[in-house]
Every structure is written in C-alpha cells, then in structure tokens.
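Take a look at the structure below.
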Amino acid sequence: MNQEIDGVRSLAEPKKTTKTSGAKGAATKSAATKKSTGAKGGAGKIQGQQKKTTKVGAQNGRFGDSILDEVILIVIMLVSLVAEISLITEKMGFIGHAFNSLFKGLFGFAGVLLPLFIIAYCAWLLASEERKMPVIRGIGGLLFLLSVSAGAQLVHPFEGTSNLNFIQKVALYYGEGSVANGGFFGGIFGNLLYNALDTLGSTLVLIALLIISLIMATGKSLFQGVADYFDHRKARQKVKYEKIKSKAEQIRLKELEEAEKQERRLKRKVKKDSYNIELMEGEGCPVEVPLVEETVFRKKEPSKLRKSTPIYNFTLEEYESQEGEVREAEDFEIEKAQPEEGAGIPVIVHAKEPMDEGEQMLEDIFRELPEEGAFVQEDIIFTEDEPAPEAEDMEINVLENDAVEDCDDPVAKKAEIIPSTQSENTAEQKEIPSAPVEEEIPYIFPPIELLGKDPKTGGGDSKAEMLANARKLESTLKSFGVDAKVIQINRGPTVTRYELSPSQGVKVSKIVNLADDIALNLAASGIRIEAPIPGKAAVGIEVPNKETQSVYLRTVVDSDAFQNHTSKLAFALGEDIAGNPVITDIAKMPHLLIAGATGSGKSVCINTLITSILYKSDPKDVKLLLVDPKVVELSVYNGIPHLLIPVVTDPKKASAALNWAVREMLQRYNDFAAFGVRDIKGFNAMKDEEGDEKGKMPQIVIVIDELADLMMAAPGEVEDSICRLAQMARAAGMHLIIATQRPSVDVITGVIKANIPSRLAFAVSSGIDSRTILDMVGAEKLLGKGDMLFYPAGQSKPARLQGAFVTDKEVEDIVSFLKKSGRPNYTQDTIDQITKVTKTGMDGDEESDEFFEQAVDLIIEKEKASVSMLQRQFRIGYNRAARLMDELERKGMVGSEDGSKPRKVLITRAQWGAMQEPVEEEL
C-alpha cells in the first residue's frame, strides 16, 4: 500500500525530477528498494520514473531553444532596421556609414530592399508555429532582389567601361553602387544579360524573373489567383442576378393582381355604363367604338388606367453580357404582354335600335357635323391600346379612320383617346409655320497634327559627364571648406540641377556666396543656386546644359496632364527641371504678370497661352479680349470664334476696352446678387439646372501684350482699370494676363503688383528688373529662349521651367483651321460702346489749348519739359503754361514733377505721329 502511494506521489510531482544522474539516481534506487516488497516490482517503478524524467527534460530543452530562436530573430530584425535607416539617412554614425556602403555596394539602388526583406522574413518566422526555414521563399526573395538590381544596372549603365578588366569593373560597380546603378551583383548579372541579349531581351528575362520570384516568395500561383477572381466575380453576379430576377417577379405578380382587379371593375361597369355603336348610313361599313367608362377619368388612381400588364423579361446571358455592371430591374428591356381576354373587347349594337343614352349621344355628336359628311376634329379622341392619361388632360375628338377606305360612306370613323395638350400642339403646328432658325455652328477643336512634332535630336549632358560634374562640384566645395554630397541629379531641357546635402554645421549662405567659384570650376556660363529647395533638405545648383533642347507645345498638349485637366482655362506652360509637363489653371492664378527682355520668349509664351485655350475650351465657355499696341503680335488671331471683339491695337481704344471690362464686371456682380449666387461657377450651375444654356456667362481672358505703351498713352485710366479688375474680377470669371518687356517701376507700379499675385519672369537685363517682377533676384541669370521662373500665388519660391515653343507657322495653321470651321461671333454692343468712348475722348482732345500740339513738338525736340520753358517759348502766362503742362501729364506725355528738375518726356516722335493719324471707327 505504501509502495503504491509513493509511486503515485512520484508521478504527481514530475517538475521536481530532472535528468537522471549518478548520485541522485542511486539514492532514489536505494529508497525504492527498501520500500518495495520485491526486487522485480521496484525495478519496474524505477524504469517508469526514468521515462517520465527523460520526457520532461526534452520538453524543457525545446522550450529553451524556442526562447533562444526568438532572441536571435529579434536581434536580426534590430540590425536590419538599423541598416535600413542608415540607407535612408546619414545620421547613424560610422556603423550606419558602413551598412550604407556595404548594402549599396553589393546591390546598388536595390540595396534598400534587402533589410526590409530580412525584417519581413524574420517576422514570418516569429509568427510561424513550427519555425522551419522556408528555403523556397527565401530563394524567391533573393531572386527578386537580384532582378531589381540588374534592372537598375540596365537603366543606369556606366559608359566607357569596355576598356576595363573584370577587377576594375567589379570595383566600379561596388564603388558607384551608392549613386544609381545595380551594385556588385546587379552590375555583374545585368552586364551578362546585356552582352548576351541586349536591352530588349534582358528586359524580358528580368520581367519573367520578377514574376517567378514573386510566386516563389508568396507561395501563391498567379494564374490560379486570376481564375479564382473570375470565378468569385461570376458567382457574385449570379447571386445579384437571382435577386433582381426575384424582384422583377414580385413586380410582375403585383401588376398582374392589379390588372385582374381592373378587369373585374370593368366587367361590372359594362352592364351599367358602357355601350358600343355600329355607325351606318345605308349599307355602309360598321365602325367599332371601343369601351368607354367613367372610372377612367379618376386622377387619384392612375394605376387603374392600364389595360395591359408589363412583364419584365430577361435572361442570365443578357445580364452577363453587360460586362459585370449590375443593373436595376427598371433598366432591363421591358416587353409588354398581350392584353388578356375580355380586356377592351367592343360591344357591337346596331344603330337602328340604339339605347336611350346612346341615341342622345349620337344626336349630340352628329349635330355639329357638316352636311357634306366630312368630319371636323372635335373634342374627344379614343384609343384602344395606349394607356389612358389623366382626366384633367383629356379631350374628346373624332378622327377619320384609315381602315374604312374601301367603304363609300365617309361618315364611318374611328375614335381614340389622346391628351388635350397633344391636340393643341398639333393644331398650333398646323396653323403656325415654323420660322427658320439659324443653327449654332458647333466648335471643332483643332487637331493635334497642326502642331509640329518633337524631332528628338538628343542633346544634354551624358550621364558620365553629369557624374563627373558631381564629383568636381563636391571637390570644389571641399576645397573651400564646405563638406557637401550630391544626392540627386535632375537633367532638364535647358539646365541640370545638382542637389547637394550639406553636412552638419555648414551654413547655406556659404554655399550661395561661392556661386562664381563654382561656375569657374565647372566652366559654366553662369549658375543659379536655389537654397534651399522647397520641400527638401537640400541645396540646388542649376548648371546650364552644353546642348539645350526645345520643349514643343505638342508634347505638352498631347500629355495626359493636359488632356485630363478639368479646367477650361488650362495653360500648357512647358516642362520643369525634371522634364515633366507643367499645366497650370488661369482661373486659380487668377491674374498673371509676364515680364522679360526682347528675345527671352515672352511673345511665344502668350501664343502658347492662347493656343492652349483654343485646344481646351469652347467659344461659348471662354472669350478672349486681346490688346496689342504693337499691332503685329496678336493680329493673327482676328477671326477666331473665341474673340469677344477684334484685336484692339489703338492705345485709346485699349483704354476704352478696359473700361468696358470694368463695367461688365460690375454688371455680372449685379446679376449674381439678383440670383443669389456668389460667383460665376454658381451662376452657371444654376443655369444648367434650369436648362438655359444661352444664359450662361463665359469666362473672359484679357491679354495685354505690352503694358508699357498703354501706360504712356493713358497711364491714369489704364492703371485704374487694371487695379479694379485685378481686385474684383476673379469671382466674375474675368482674368488679366499682362505682359511687358520693360519691368520698371513706372510701368509695373506698386498698385498693379499688389493686386496681381502670380508672376512669370523671363530673362531680364538686371537684378533690379528681377526684383521688380519677382521681388527677388534670379531672373537676370536666366538663359533666354523660354527659360523662365514661374512664381504662382501660394508658393514660397519661384520654380524654374522651360517654356513650350510654338512657331508662327503653327499658329497661322490653327487660326486658318478655325476660320474655315467656324465664323467669329463678335459682340456688336461691346464694339459700339468702345467706339463711343474713343470718339468722346477724341472730341475732348479738340478742346485743348491751341498751343498743345506745338508744346508736344517742343518737348520732344528738347527732350525735357517745364512750365518756364513753355512761358518763354510761347510768351504766355504762368497759369496757362501750368494748365498746358497738366494736360501733357494727364495724357501721359510727360512725367510727374520732380522738385526743381525738368519733367521727363515719355513720348517719342514716332508715337506722336501715330497719335495724330485719324482713327478708324472699326477696331
């Protein structure tokens, strides 16, 4: 009994027993021998106890191994995370630098993926129960990494490596792996593929390897997944089909029930209210008058008017043929069922023995018929198959029956029910002939083929030369004590930007002050430093390309960014420093100031803007008001349908046109207030809801090609109009585009600058002009020929772009196409208002001083103006001379007074001669 208790106790306490050893095992064996009654029984118990002890020890060993595995995996994940951060930033010390050099040297650009792959691999092992090494998945991940590295090597190969031996190539691959290529493994594998299969074959092999590696790494079949997707999609469509079919069946049963109720009501009414009459004269042909009842004319129960039940019929094949789109029941094809038996069957009664009510009705009907037997359209019409309309819209008329043409009796007729509005419209159409209406010619957008293609002649610096410039740039800065590293190179059409990451403690101003020294060492004509680049922790150094490339307008207009732009005022500016198309919205600017010296690309930019509008918007949505004091720049656009009035070339009429624009703006605001909307978008949306397309307001873009000439002709009126439009015209849908080649403070005044937030600067002659247009220097370092700085509203710094190029021949072809496909739609009221204002101004000129013209000739000849000079020359008093000087200033011929100094003359002999020429009445 004691032996059994001890055995149970030993089994109940297995945790106190460890692996059997020499001394402890002997003691246990001796105690068991003393307590046992037989040697054989004691040996059996000892063997059982040894088995239990061995089993527990094995479990404890596996538990300890599991803990060790987890610790190892977590350490590997930590090291991989440190390596990944080291590849992204340089703030991890010398260990991070070592990781960066190792991973990028082995795998190049794809080295960033290796730590992520190791972290994901370890996480998968931690989450797995058995923690067996998935060799296939590991091989797949490494194969994916190798394929990406080889692809990077094919995209960024090294040039001029044919003369290097294998060791030199390996050193080059490893050393330059941190820049852009595929590193050691990618360089070897990529070059082997390139030498064997060239670019196309290597690309196909790499794509296949990527797919294979993904299948191995994920353990899922690509094609089986596609098949499962389509099976699941088909199953969902079948379930939805069954639901729709069930819903359609319920609708059909409900309408059948309603039709049965309607039929029972009609049968009950037949005995009381319905009759049918056989109209005869002599032995003429009978005419059946269908069933008519009073209940049809109840408006509260429209469902009772149906005489046939619509049944929704469709099949699964028809449902699946719609490319997976689930349609509602009402979208399926509806087939009308045939009328049931007994529905609408006429009851024929001979006219010689009519009922009392029928006889009275016949007398009422035939009392108004003409004697010759020809029927006139009356007030009721009966129909047999169509559902009856509501009672309030019914009238009763009698129509001739085409089915009785064989009968000699013209009195035989057939009646049918139609709405009264239809009969009234029919009568109006017969009585009032439709007047010819001039159809609006739809706008045909010019084809893209009218713009020239990019010849793709190449150009720009090679990759090897850019890398050499990067090294030279780093060494130049290091020689001046500036530690910086090139982290990215962007080559644009005109310039190449090297992005520098300065080390800790390096001032940005120190790099900016070395601009001339950097240009000297790079043998560049001039560089521009952008410190820092907006949105990046880097300094940009823009170096001109040795061979520049033109950006053709067709490339930008044909891009997805322009084609998918939602605004009707999309403006294809050009390409940025990375070669991406830049599209901006004029409505969001909302006004633009363009400045640049002669030959910088300012006029081409205006042509690009107008051409973009022609390719993007309809004339009914956007109108143009073009002001061209130089006469020859914008006159080519005369005759296009977008013009509100012909191109304005007279400075006086330009001032009048701006005054009209101000009045139009105020009138639009009055209309907005009357309709309770805030801007043109809300007004047009309201007109769309009302269906009034002609009542919508178009957006108006006012383009002034040369502001300086207008400011000389009428500075006060022009400046006031521009300021009012710039302050208020945005919500009214009117936008100003002002261009000038003389961005001085007397042309671009402070008031104009304050109200026009968006600026576009081309190459200018000095930093003062750059400050006038951009409020900062930089435009004086541009290269010309479309090189620009775009400074839209809301950005902290201007962006450097290469403007799109459109030739004069392309503009002429587009205008000729538009003239052939449509006609200009000038607004005559606007032309009359501008002409009237211009004539009024001319009449006022005739009332000026008699010495006015002589005074103008005098100040042009002397190139200065003063009141005392006018007194001496014309022998007039001070008051008259002062009034004459004020008139010259008011008309923009002389500047304002500057103390005791003579006034500056603002007019030339040629301009004065042009102003003396007679002004035509047409624009």
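If you go along the chain as it appears here, the first residue is 1 and each next one adds 1.
Each residue, glycine too, has its Cβ placed from N, Cα and C.
As recorded in TrEMBL, the features of this protein are as follows:
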- 1-53: region 'Disordered' (REGION)
- 19-38: compositional bias 'Low complexity' (COMPBIAS)
- 71-89: transmembrane segment (TRANSMEM)
- 101-127: transmembrane segment (TRANSMEM)
- 139-158: transmembrane segment (TRANSMEM)
- 178-197: transmembrane segment (TRANSMEM)
- 204-223: transmembrane segment (TRANSMEM)
- 249-276: coiled coil (COILED)
- 579-771: domain 'FtsK' (DOMAIN)
- GLY596, ALA597, THR598, GLY599, SER600, GLY601, LYS602, SER603: ATP binding site (BINDING)
Other than GLY596, ALA597, THR598, GLY599, SER600, GLY601, LYS602, SER603 themselves, what residues in this chain have Cβ atoms within 8 Å of the centroid of the ATP site's Cβ atoms? GLN741, PHE762, ALA763, GLY784
Taken over the coiled coil (249-276), the model's mean pLDDT: 72
Among GLY596, GLY601, which are binding-site residues, the residue with the most C-beta atoms within 10 angstroms of its C-beta: GLY596
What count of other C-beta atoms do you get within 10 angstroms of the C-beta of LYS602 (ATP binding site), across all chains shown? 25
Using a 10 Å cut-off, grab the number of neighbouring Cβ atoms around the Cβ of GLY599 (ATP binding site), all chains included. 12
Most isolated by CB count within 10 A, of the binding-site residues THR598, SER600, is THR598
Within 10 A of the CB of ALA597 (ATP binding site), the number of other CB atoms across every chain shown is 20
Nonlocal neighbours by CB distance (under 8 Å) for SER603 (ATP binding site), same chain, sequence gap 6 or more: GLU633, ASP705, ALA739
